Amino acid sequence: MSATDRTEIKKLGEFGLIDQISEKFVNKNSNTVKGIGDDAAVIDMGTHYQLVSTDMLVEGIHFDLSYFPLHHLGYKSVAVNVSDIAAMNGIAEQITVSLALSNRFSLEAVHAFYEGVKAACEAYNVDLVGGDTTASKSGLVISVTAIGKVEKGKVAYRSGAKLNDIICVTGDLGAAYMGLQVLEREKQVFLENPDMQPQLDKYTYIVGRQLKPEARMDLIHELLDLNIVPTSMIDISDGLASELHHIATQSGVGLNIHEDKLPFATAMQEAALEFKLDPNTAILNGGEDYELLFTISQDDFEKVKKHPDIHFIGYINENSNGLNLVTNNGNPIPLKAQGWNHFGEN
Ligand code: ADP
Ligand code: MG
(Lines of atoms letter the chains of each structure in order from A and count residues from 1; the text may use other names and numbers.)
(Lines give C-alpha, C1' and ligand atoms only; values in the text may rest on other atoms or scores of the structure.)
(Ligands and ions follow the chains in the order given, each with its own letter.)
Protein backbone atom coordinates (compact mmCIF):
# COMPACT_ATOMS: atom_id res chain seq x y z
CA MET A 1 0.00 0.00 0.00
CA SER A 2 1.53 3.33 -1.04
CA ALA A 3 1.23 6.48 1.05
CA THR A 4 -1.34 7.81 -1.38
CA ASP A 5 -3.70 4.79 -1.06
CA ARG A 6 -6.79 5.85 0.77
CA THR A 7 -10.26 4.36 0.62
CA GLU A 8 -13.14 6.18 2.24
CA ILE A 9 -14.99 3.91 4.70
CA LYS A 10 -18.29 5.17 3.35
CA LYS A 11 -17.50 3.36 0.08
CA LEU A 12 -17.72 0.05 1.98
CA GLY A 13 -20.39 0.96 4.51
CA GLU A 14 -20.63 -0.44 8.01
CA PHE A 15 -21.39 -4.01 6.94
CA GLY A 16 -18.67 -4.08 4.26
CA LEU A 17 -16.20 -2.85 6.84
CA ILE A 18 -17.21 -5.51 9.37
CA ASP A 19 -16.82 -8.17 6.64
CA GLN A 20 -13.29 -6.98 5.93
CA ILE A 21 -12.39 -7.04 9.62
CA SER A 22 -13.83 -10.52 10.14
CA GLU A 23 -11.94 -11.91 7.10
CA LYS A 24 -8.66 -11.29 8.91
CA PHE A 25 -9.52 -13.56 11.82
CA VAL A 26 -9.93 -17.29 12.25
CA ASN A 27 -11.25 -18.61 15.57
CA LYS A 28 -8.67 -20.73 17.37
CA ASN A 29 -10.66 -21.90 20.39
CA SER A 30 -13.00 -24.79 19.92
CA ASN A 31 -15.45 -23.26 22.42
CA THR A 32 -15.97 -20.25 20.12
CA VAL A 33 -19.17 -21.48 18.51
CA LYS A 34 -20.10 -18.23 16.73
CA GLY A 35 -17.83 -15.23 16.31
CA ILE A 36 -18.46 -12.09 14.30
CA GLY A 37 -21.67 -11.92 12.31
CA ASP A 38 -24.68 -12.38 14.54
CA ASP A 39 -26.35 -10.32 17.26
CA ALA A 40 -24.07 -11.82 19.89
CA ALA A 41 -21.07 -14.13 20.03
CA VAL A 42 -21.76 -17.67 21.23
CA ILE A 43 -19.34 -19.46 23.56
CA ASP A 44 -19.68 -23.10 24.60
CA MET A 45 -19.66 -23.35 28.40
CA GLY A 46 -20.23 -27.11 28.47
CA THR A 47 -23.65 -27.05 30.11
CA HIS A 48 -24.98 -24.11 28.05
CA TYR A 49 -23.96 -21.37 25.64
CA GLN A 50 -22.80 -17.98 26.86
CA LEU A 51 -23.74 -14.95 24.74
CA VAL A 52 -21.71 -11.74 24.50
CA SER A 53 -22.67 -8.55 22.70
CA THR A 54 -21.32 -4.99 22.63
CA ASP A 55 -22.92 -1.81 21.34
CA MET A 56 -21.62 1.73 21.42
CA LEU A 57 -23.66 4.93 21.54
CA VAL A 58 -21.93 8.13 20.46
CA GLU A 59 -23.11 11.68 21.09
CA GLY A 60 -24.00 13.43 17.85
CA ILE A 61 -24.37 10.10 16.01
CA HIS A 62 -26.80 8.07 18.11
CA PHE A 63 -28.21 10.72 20.40
CA ASP A 64 -28.42 14.45 20.88
CA LEU A 65 -28.22 15.58 24.50
CA SER A 66 -30.33 18.65 23.78
CA TYR A 67 -33.41 16.42 23.73
CA PHE A 68 -32.26 13.09 25.18
CA PRO A 69 -32.78 13.03 28.96
CA LEU A 70 -29.78 11.35 30.57
CA HIS A 71 -31.78 8.81 32.55
CA HIS A 72 -33.47 7.69 29.34
CA LEU A 73 -30.07 7.46 27.68
CA GLY A 74 -28.84 5.24 30.51
CA TYR A 75 -31.88 3.00 30.12
CA LYS A 76 -31.59 2.83 26.32
CA SER A 77 -27.85 2.00 26.45
CA VAL A 78 -28.70 -1.11 28.45
CA ALA A 79 -31.89 -1.98 26.54
CA VAL A 80 -30.21 -2.05 23.12
CA ASN A 81 -27.60 -4.49 24.39
CA VAL A 82 -30.08 -6.70 26.18
CA SER A 83 -32.00 -6.70 22.89
CA ASP A 84 -29.02 -8.31 21.11
CA ILE A 85 -28.98 -11.10 23.70
CA ALA A 86 -32.75 -11.52 23.22
CA ALA A 87 -32.12 -11.76 19.47
CA MET A 88 -30.15 -14.98 20.10
CA ASN A 89 -33.13 -16.34 22.07
CA GLY A 90 -31.07 -15.81 25.22
CA ILE A 91 -31.53 -14.28 28.64
CA ALA A 92 -29.22 -11.40 29.62
CA GLU A 93 -27.61 -11.69 33.06
CA GLN A 94 -24.73 -9.18 33.33
CA ILE A 95 -23.64 -5.91 31.75
CA THR A 96 -20.56 -3.73 31.83
CA VAL A 97 -20.88 0.00 31.11
CA SER A 98 -17.97 2.14 29.90
CA LEU A 99 -18.11 5.91 29.57
CA ALA A 100 -15.93 8.58 27.96
CA LEU A 101 -17.05 11.86 29.52
CA SER A 102 -16.32 15.42 28.44
CA ASN A 103 -15.94 18.21 30.99
CA ARG A 104 -19.48 19.32 30.16
CA PHE A 105 -20.69 16.54 32.43
CA SER A 106 -21.36 17.19 36.07
CA LEU A 107 -21.56 14.61 38.81
CA GLU A 108 -25.34 15.14 38.82
CA ALA A 109 -25.48 14.30 35.11
CA VAL A 110 -23.55 11.07 35.64
CA HIS A 111 -25.92 10.14 38.46
CA ALA A 112 -28.92 10.83 36.23
CA PHE A 113 -27.43 8.53 33.56
CA TYR A 114 -26.90 5.75 36.12
CA GLU A 115 -30.46 6.12 37.42
CA GLY A 116 -31.51 4.98 33.96
CA VAL A 117 -28.93 2.19 33.90
CA LYS A 118 -30.24 1.02 37.26
CA ALA A 119 -33.87 1.09 36.13
CA ALA A 120 -32.94 -1.05 33.12
CA CYS A 121 -30.94 -3.46 35.31
CA GLU A 122 -34.08 -3.89 37.39
CA ALA A 123 -36.43 -4.19 34.40
CA TYR A 124 -34.28 -6.84 32.69
CA ASN A 125 -32.94 -8.51 35.82
CA VAL A 126 -29.29 -7.92 34.91
CA ASP A 127 -26.32 -7.05 37.13
CA LEU A 128 -23.91 -4.22 36.42
CA VAL A 129 -20.57 -5.99 36.97
CA GLY A 130 -17.96 -3.55 35.67
CA GLY A 131 -16.95 -1.03 33.05
CA ASP A 132 -14.43 1.71 32.45
CA THR A 133 -14.44 5.48 32.88
CA THR A 134 -12.33 7.93 30.95
CA ALA A 135 -12.29 11.50 29.65
CA SER A 136 -13.40 12.57 26.18
CA LYS A 137 -12.57 15.69 24.19
CA SER A 138 -15.47 15.34 21.82
CA GLY A 139 -18.66 14.38 23.55
CA LEU A 140 -20.11 11.44 25.38
CA VAL A 141 -19.33 7.88 24.29
CA ILE A 142 -21.13 4.96 25.94
CA SER A 143 -20.11 1.36 25.39
CA VAL A 144 -22.12 -1.44 26.94
CA THR A 145 -21.38 -5.15 26.88
CA ALA A 146 -24.12 -7.60 27.71
CA ILE A 147 -23.54 -11.21 28.75
CA GLY A 148 -26.30 -13.77 28.68
CA LYS A 149 -27.02 -17.43 28.31
CA VAL A 150 -29.11 -19.82 26.29
CA GLU A 151 -29.69 -23.56 26.35
CA LYS A 152 -27.58 -25.17 23.64
CA GLY A 153 -30.54 -26.47 21.67
CA LYS A 154 -32.37 -23.16 21.79
CA VAL A 155 -29.95 -20.64 20.33
CA ALA A 156 -31.39 -18.71 17.35
CA TYR A 157 -28.96 -17.53 14.69
CA ARG A 158 -29.62 -15.22 11.76
CA SER A 159 -28.73 -18.16 9.52
CA GLY A 160 -31.40 -20.74 10.35
CA ALA A 161 -34.42 -19.68 8.28
CA LYS A 162 -35.83 -22.54 6.18
CA LEU A 163 -38.10 -22.78 3.15
CA ASN A 164 -41.77 -22.10 4.03
CA ASP A 165 -40.98 -20.78 7.52
CA ILE A 166 -43.29 -18.02 8.71
CA ILE A 167 -41.75 -14.57 9.17
CA CYS A 168 -42.82 -12.97 12.46
CA VAL A 169 -42.33 -9.54 13.92
CA THR A 170 -43.21 -8.29 17.40
CA GLY A 171 -44.82 -4.98 18.35
CA ASP A 172 -45.09 -2.16 15.82
CA LEU A 173 -42.53 -0.56 13.54
CA GLY A 174 -41.44 2.89 12.41
CA ALA A 175 -42.46 4.78 15.54
CA ALA A 176 -38.95 5.30 16.93
CA TYR A 177 -37.90 6.84 13.60
CA MET A 178 -40.90 9.16 13.48
CA GLY A 179 -40.27 10.09 17.14
CA LEU A 180 -36.76 11.11 16.12
CA GLN A 181 -38.15 13.30 13.30
CA VAL A 182 -40.41 15.09 15.81
CA LEU A 183 -37.54 15.63 18.28
CA GLU A 184 -35.29 16.98 15.51
CA ARG A 185 -38.01 19.33 14.29
CA GLU A 186 -38.76 20.67 17.76
CA LYS A 187 -35.04 21.20 18.31
CA GLN A 188 -34.84 23.36 15.17
CA VAL A 189 -37.90 25.34 16.26
CA PHE A 190 -36.30 25.89 19.65
CA LEU A 191 -32.98 26.98 18.13
CA GLU A 192 -34.77 29.53 15.96
CA ASN A 193 -36.95 30.76 18.81
CA PRO A 194 -35.80 29.77 22.31
CA ASP A 195 -39.06 31.08 23.81
CA MET A 196 -41.00 28.35 22.04
CA GLN A 197 -41.72 25.32 24.19
CA PRO A 198 -41.55 21.96 22.40
CA GLN A 199 -44.95 20.65 21.32
CA LEU A 200 -44.64 16.99 22.16
CA ASP A 201 -47.98 16.06 23.79
CA LYS A 202 -49.47 14.78 20.56
CA TYR A 203 -46.41 12.64 19.96
CA THR A 204 -46.02 10.92 23.33
CA TYR A 205 -46.08 7.42 21.89
CA ILE A 206 -43.61 7.87 19.05
CA VAL A 207 -41.23 10.09 21.05
CA GLY A 208 -41.35 7.47 23.82
CA ARG A 209 -40.41 4.80 21.29
CA GLN A 210 -37.30 6.79 20.41
CA LEU A 211 -36.30 7.77 23.96
CA LYS A 212 -37.40 4.69 25.90
CA PRO A 213 -37.08 1.57 23.76
CA GLU A 214 -37.58 -1.78 25.46
CA ALA A 215 -35.73 -4.99 24.72
CA ARG A 216 -38.35 -7.69 24.05
CA MET A 217 -37.06 -10.01 26.76
CA ASP A 218 -40.73 -10.61 27.62
CA LEU A 219 -41.21 -12.36 24.27
CA ILE A 220 -38.15 -14.56 24.81
CA HIS A 221 -39.64 -15.81 28.08
CA GLU A 222 -42.97 -16.43 26.32
CA LEU A 223 -41.33 -18.38 23.49
CA LEU A 224 -39.53 -20.48 26.09
CA ASP A 225 -42.83 -21.17 27.87
CA LEU A 226 -44.51 -22.07 24.57
CA ASN A 227 -41.60 -24.35 23.72
CA ILE A 228 -40.95 -22.55 20.45
CA VAL A 229 -37.42 -22.13 19.17
CA PRO A 230 -37.34 -19.62 16.30
CA THR A 231 -35.49 -21.01 13.29
CA SER A 232 -33.78 -17.62 12.92
CA MET A 233 -33.89 -14.32 14.77
CA ILE A 234 -32.50 -10.76 14.78
CA ASP A 235 -33.51 -7.58 16.57
CA ILE A 236 -34.65 -4.57 14.56
CA SER A 237 -32.06 -1.90 15.20
CA ASP A 238 -31.35 -0.76 11.64
CA GLY A 239 -34.80 -1.19 10.08
CA LEU A 240 -36.94 -4.15 8.99
CA ALA A 241 -35.67 -4.27 5.39
CA SER A 242 -32.03 -4.30 6.45
CA GLU A 243 -32.64 -7.02 9.05
CA LEU A 244 -34.59 -9.14 6.54
CA HIS A 245 -31.57 -8.93 4.24
CA HIS A 246 -29.32 -10.20 7.05
CA ILE A 247 -31.63 -13.17 7.68
CA ALA A 248 -32.01 -13.97 3.97
CA THR A 249 -28.31 -13.64 3.15
CA GLN A 250 -27.10 -15.62 6.13
CA SER A 251 -29.78 -18.30 5.71
CA GLY A 252 -29.31 -18.52 1.93
CA VAL A 253 -33.01 -18.01 1.27
CA GLY A 254 -35.42 -15.57 -0.37
CA LEU A 255 -38.60 -14.20 1.15
CA ASN A 256 -41.83 -12.34 0.57
CA ILE A 257 -43.38 -9.97 3.06
CA HIS A 258 -46.84 -8.48 2.66
CA GLU A 259 -47.54 -4.77 2.93
CA ASP A 260 -50.95 -5.32 4.52
CA LYS A 261 -49.41 -7.41 7.31
CA LEU A 262 -46.82 -4.91 8.48
CA PRO A 263 -47.59 -3.77 12.03
CA PHE A 264 -47.64 -0.06 12.83
CA ALA A 265 -49.23 2.32 15.33
CA THR A 266 -51.77 4.93 14.20
CA ALA A 267 -49.64 7.61 15.87
CA MET A 268 -46.71 6.61 13.63
CA GLN A 269 -48.86 6.77 10.51
CA GLU A 270 -50.26 10.18 11.43
CA ALA A 271 -46.81 11.60 12.08
CA ALA A 272 -45.47 10.18 8.80
CA LEU A 273 -48.29 11.80 6.85
CA GLU A 274 -47.68 15.09 8.67
CA PHE A 275 -44.02 14.91 7.68
CA LYS A 276 -45.02 14.01 4.09
CA LEU A 277 -43.26 10.68 4.44
CA ASP A 278 -44.59 7.36 3.19
CA PRO A 279 -45.41 5.40 6.40
CA ASN A 280 -43.93 2.33 4.67
CA THR A 281 -40.56 4.08 4.52
CA ALA A 282 -40.58 4.47 8.30
CA ILE A 283 -41.82 0.87 8.79
CA LEU A 284 -39.27 -0.68 6.43
CA ASN A 285 -36.26 1.56 6.89
CA GLY A 286 -36.70 3.47 10.13
CA GLY A 287 -34.45 1.96 12.78
CA GLU A 288 -34.34 1.64 16.54
CA ASP A 289 -37.66 -0.01 17.32
CA TYR A 290 -35.77 -2.92 18.92
CA GLU A 291 -38.59 -5.31 18.15
CA LEU A 292 -37.73 -8.92 17.26
CA LEU A 293 -37.84 -10.31 13.74
CA PHE A 294 -37.84 -14.09 13.64
CA THR A 295 -38.93 -17.11 11.65
CA ILE A 296 -40.80 -20.14 12.91
CA SER A 297 -41.54 -23.49 11.40
CA GLN A 298 -45.14 -23.86 10.19
CA ASP A 299 -45.53 -26.63 12.80
CA ASP A 300 -45.29 -24.00 15.54
CA PHE A 301 -47.91 -21.63 14.09
CA GLU A 302 -50.82 -23.07 16.10
CA LYS A 303 -49.06 -22.20 19.36
CA VAL A 304 -48.70 -18.50 18.53
CA LYS A 305 -51.41 -17.70 16.02
CA LYS A 306 -53.54 -15.84 18.57
CA HIS A 307 -50.66 -13.99 20.21
CA PRO A 308 -51.65 -10.31 20.32
CA ASP A 309 -48.14 -8.98 19.86
CA ILE A 310 -46.68 -11.30 17.22
CA HIS A 311 -47.46 -10.42 13.61
CA PHE A 312 -47.06 -12.80 10.70
CA ILE A 313 -45.73 -10.75 7.83
CA GLY A 314 -44.68 -13.29 5.21
CA TYR A 315 -42.90 -16.49 4.25
CA ILE A 316 -39.42 -17.73 3.50
CA ASN A 317 -38.96 -19.05 -0.03
CA GLU A 318 -36.21 -19.99 -2.47
CA ASN A 319 -33.04 -17.97 -2.69
CA SER A 320 -33.73 -17.35 -6.40
CA ASN A 321 -36.97 -15.55 -5.50
CA GLY A 322 -35.00 -12.73 -3.86
CA LEU A 323 -36.60 -10.46 -1.27
CA ASN A 324 -39.92 -8.87 -2.14
CA LEU A 325 -42.55 -6.66 -0.65
CA VAL A 326 -45.94 -7.76 -1.93
CA THR A 327 -47.94 -4.54 -2.13
CA ASN A 328 -51.60 -4.17 -1.23
CA ASN A 329 -52.56 -4.71 -4.86
CA GLY A 330 -50.61 -7.96 -5.04
CA ASN A 331 -47.49 -6.80 -6.87
CA PRO A 332 -44.15 -8.08 -5.62
CA ILE A 333 -41.52 -5.35 -5.60
CA PRO A 334 -37.86 -5.96 -4.68
CA LEU A 335 -37.12 -5.02 -1.10
CA LYS A 336 -34.17 -2.69 -0.81
CA ALA A 337 -32.14 -2.60 2.40
CA GLN A 338 -31.70 0.99 3.25
CA GLY A 339 -31.23 0.79 7.02
CA TRP A 340 -29.33 3.29 9.03
CA ASN A 341 -25.89 4.00 7.85
CA HIS A 342 -23.70 6.11 10.03
CA PHE A 343 -21.02 6.27 7.35
CA GLY A 344 -23.49 7.97 5.04
CA GLU A 345 -23.30 6.07 1.75
CA ASN A 346 -27.07 5.81 1.30
P1 ADP B 1 -26.12 -5.35 15.85
O2 ADP B 1 -26.79 -4.35 14.94
O3 ADP B 1 -26.94 -6.54 16.16
O4 ADP B 1 -25.50 -4.70 17.08
P5 ADP B 1 -23.81 -5.09 14.22
O6 ADP B 1 -24.31 -4.85 12.84
O7 ADP B 1 -23.36 -3.93 15.04
O8 ADP B 1 -24.91 -5.94 15.01
O9 ADP B 1 -22.62 -6.12 14.18
C10 ADP B 1 -22.70 -7.30 13.42
C11 ADP B 1 -21.57 -8.22 13.84
O12 ADP B 1 -20.30 -7.61 13.60
C13 ADP B 1 -21.57 -8.58 15.32
O14 ADP B 1 -21.17 -9.94 15.41
C15 ADP B 1 -20.52 -7.67 15.91
O16 ADP B 1 -19.95 -8.20 17.09
C17 ADP B 1 -19.50 -7.58 14.79
N18 ADP B 1 -18.69 -6.37 14.78
C19 ADP B 1 -19.11 -5.09 14.61
N20 ADP B 1 -18.08 -4.22 14.62
C21 ADP B 1 -16.96 -4.97 14.83
C22 ADP B 1 -15.56 -4.69 14.97
N23 ADP B 1 -15.10 -3.44 14.90
N24 ADP B 1 -14.71 -5.72 15.19
C25 ADP B 1 -15.17 -6.98 15.27
N26 ADP B 1 -16.46 -7.33 15.14
C27 ADP B 1 -17.36 -6.34 14.93
MG1 MG C 1 -28.84 -6.82 16.76
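Keep in mind that glycine also has a Cβ here, set from the backbone N, Cα and C atoms.
Features of the protein shown, as given by TrEMBL:
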type	residues	note
BINDING	Asp39, Asp84, Asp235	Mg(2+) 3 binding site
BINDING	Asp39, Ser53, Asp84	Mg(2+) 4 binding site
BINDING	Thr54, Asp55, Asp132	Mg(2+) 1 binding site
BINDING	Asp55, Asp84	Mg(2+) 2 binding site
BINDING	His62, Glu288, Trp340	substrate binding site
BINDING	Tyr114, Gly131, Asp132, Arg158, Ser237	ATP binding site
BINDING	Asp238	Mg(2+) 5 binding site
DOMAIN	37-150	domain 'PurM-like N-terminal'
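Checking Cα-Cα distances from Asp235 (Mg(2+) 3 binding site) against the binding-site residues (Ser53, Thr54, Asp55, Tyr114, Gly131, Asp132) with a 10 Å cut-off leaves nothing; none qualify. Checking Cα-Cα distances from Asp238 (Mg(2+) 5 binding site) against the binding-site residues (Asp39, Ser53, Thr54, Asp84, Asp132, Glu288) with a 10 Å cut-off leaves Glu288, in sequence order.
Checking the binding-site residues Ser53, Asp55, Asp132, Arg158, Asp238, Glu288 against ligand 2 with a 6 Å cutoff on the Cβ atom leaves no residue at all. Long-range C-beta contacts of Tyr114 (ATP binding site), restricted to its own chain and to partners at least six residues apart, with a cutoff below 8 Å, comprise Gly74. Note on the domain 'PurM-like N-terminal' (37-150): DSSP counts are 35 helix, 46 strand, 33 coil. Taking the C-alpha positions, the distance from Asp55 (Mg(2+) 1 binding site) to Ser237 (ATP binding site) comes to 11 Å. Least packed by the Cβ count within 10 Å, out of the binding-site residues His62, Arg158, is His62.
For ligand 1, the neighbouring binding-site residues among Asp55, Gly131, Ser237, Glu288 are Asp55, Ser237, by Cβ distance under 6 Å. Comparing the binding-site residues Ser53, Thr54 on other C-beta atoms within 10 angstroms of each C-beta gives the minimum for Thr54. Across the structure, Asp39 (Mg(2+) 3 binding site) and Ser53 (Mg(2+) 4 binding site) place their CA atoms 7 angstrom apart. When averaged over the domain 'PurM-like N-terminal' (37-150), pLDDT in the model lands at 97.
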